[in-house]
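Features as listed in Swiss-Prot:
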type: BINDING; residues: 49, 50, 51, 52, 53, 70, 92, 93, 94, 114, 149, 154; note: GTP binding site
type: BINDING; residues: 54, 65, 67; note: Zn(2+) binding site
type: ACT_SITE; residues: 126; note: active site, proton acceptor
type: ACT_SITE; residues: 128; note: active site, nucleophile
């Protein structure tokens, strides 16, 4: 187990009250959170979303990506179903960090795509480790999930970490003139299942 649970509290949102759980990585003290809505029922697959941190999309409403819209869609869907979990995965910029993400944005402004920009900076296309999320599911005694994702890598890593995914539910964001190239790159180079 790479994480320990630190605390939980009520988090009122526009979609209702969630419980917010705080976790800490044992090796480096990095924090992660999970938002739980409603009751977790043993042996019943729960709707789940792993949302990777994206300050630019989540807090500043950037149109370069689909992150902020996906966060809102996931919280709304979880609340409308009556229960679910959203893990806020603190691995900004596909785990290259905020400042490197800004450098990658600058390279994208010069014509590189999101994968090429990461590689130019010395990173792989996706540096994230979703095994931390499996630890959160295990700490909260969640064994079976219905996963809101377009990312087959996320599905594979969770299954390899012992989480049973009974259904993959797409979370599709409409293209706009700012994110169309980014979404196309995610589909073509990273295998994301973005189009109906």
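The backbone N, Cα and C atoms fix where each Cβ goes, and this holds for glycine too.
When the Cα of residue 94 (GTP binding site) is compared against those of the recorded positions 54, 67, 128, the shortest separation belongs to 128. For residue 51 (GTP binding site), the nearest neighbour among the listed recorded positions (65, 67, 126, 128), judged by C-alpha distance, is 67. A simple Cβ count within 10 Å picks out one of the binding-site residues 54, 65, 67 as the most packed, and that one is 54.
A distance of 15 Å separates the Cα atom of residue 67 (Zn(2+) binding site) from that of residue 126 (active site, proton acceptor). Residues near residue 49 (GTP binding site) in space but far in sequence (CB under 8 A, at least 6 apart, same chain), listed by position: 70, 74, 77, 78, 84, 85, 86, 87, 147, 148, 149, 171. Here the C-alpha separation of residue 53 (GTP binding site) and the residue listed as 'active site, nucleophile' works out to 11 Å. Classification of residue 51 (GTP binding site) by DSSP places it within a strand.
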